[in-house]
Amino acid sequence: MGVQKATARQALLCPKPGRVLLRKHLRKRKKFSSKAPLVSRPWWSELPGWIALHAERGPVRKCWEGHRLVLDSQDGRRHGCCSRCFEQPAAGETVLVCHACSWTRCMACAAMPRLPRLSEDPLFHGPNLPCLLKPPFGEKALAGNGTVIVCPGGNYEFLCPNEGLPVAAWLARHGIQALVLRYRLLPRHSLEDALADLEAAVALVRRHKDGPVAAVGFSAGGHLVASLNLRLAKKDRSSGGPLDAQVLVYPCIDGSGWGKPGNAGFWDPACHKNADALLEGQQALVGGRGFAAPPSFIVGSTGDAVCPAKVHTDPYVEALRKRGITHEYIRGNLGEHGFGLDPCWSSAALHWLQKRGFGKKSPARSWAGSRLATRLPGLSGPRHLTSASLF
Ligand SMILES: [Zn+2]
Ligand SMILES: [Zn+2]
């Protein structure tokens, strides 16, 4: 599909899924490629399980190791509980199993929405091309007040698909327009680039849609959102940052592990060369001088071995409390790192956003016939983002 000209406002408000490119702030324009994957194809079999996501991606049902699942009837002597819901299916019930590694999935979990194949995942492509991705959403979300920018995690090396478009689609179903930020990553880019992408996204949304702007960040995406507040507070101390609210879900706040090669968790060792910059706002993020945040909704799990609440969210919430910044904190044993959109926090976060004016119906306003001065250099069509490829 060819690139078509469209205004930024049309792009942001069009209910069709697609992408809004954030090219303006990039210097080397000729090197853009939206087609290149983050990792070249011969290396895909070596990717870590949390990004390969064999069990969650594509139409073919597979186990975590990537073996194909087959239908069987539940037999407690041979099959365990379901790997997703951890329920034990009743004896004789139809289940999907892996004969190579005794992996079981109940049929209810097998029918859950799927993530796109790696080859079709917009978050796994375009390493030099930051953009805002739109989930399929209808008029209900367009009429709602405000916008939420979703920043998936992925250790600044990848972007987890379960923390991206499904989250934006969920917000849109509840009448809140949401867009997913595909920000630039290590090792090609630095934290500075990722922050510039988020800042540009917030500015773009502010220019073209009324109402408050919030960001939802997961894991490293939470670190990115929290770091943006520091950056903008430094620029203009009176403004307190450009976001009206933030939702941080198991964010990495204490990033000191990124400075230690044994703890950083990078798949590509080349990431270590840009990792030091990730520690820049470290002291401020854990509550030191320069701390800045908008009203916040924080989720921290005590059962999270990667970003435990005690080390990451507790100090952040303490800093919010000390400075009298409005916040809500969901804390408990909510599960392991990376649970994504989950009822343990989603309903409360939605209610919190709605209380802050997100999703409320804006006064009737028609864009018809309005002349738009600002144009984006280009807008790609919905090639990667058909509803079939997303779920
Ligand atoms: Zn299940
Ligand atoms: Zn298997």
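Keep in mind that glycine also has a Cβ here, set from the backbone N, Cα and C atoms.
If you look up TrEMBL, you'll see 173-255 marked as domain 'Alpha/beta hydrolase fold-3'.
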How do the residues of the domain 'Alpha/beta hydrolase fold-3' (173-255) split into helix, strand and coil according to DSSP?
36 helix, 17 strand, 30 coil
Taken over the domain 'Alpha/beta hydrolase fold-3' (173-255), the model's mean pLDDT:
90
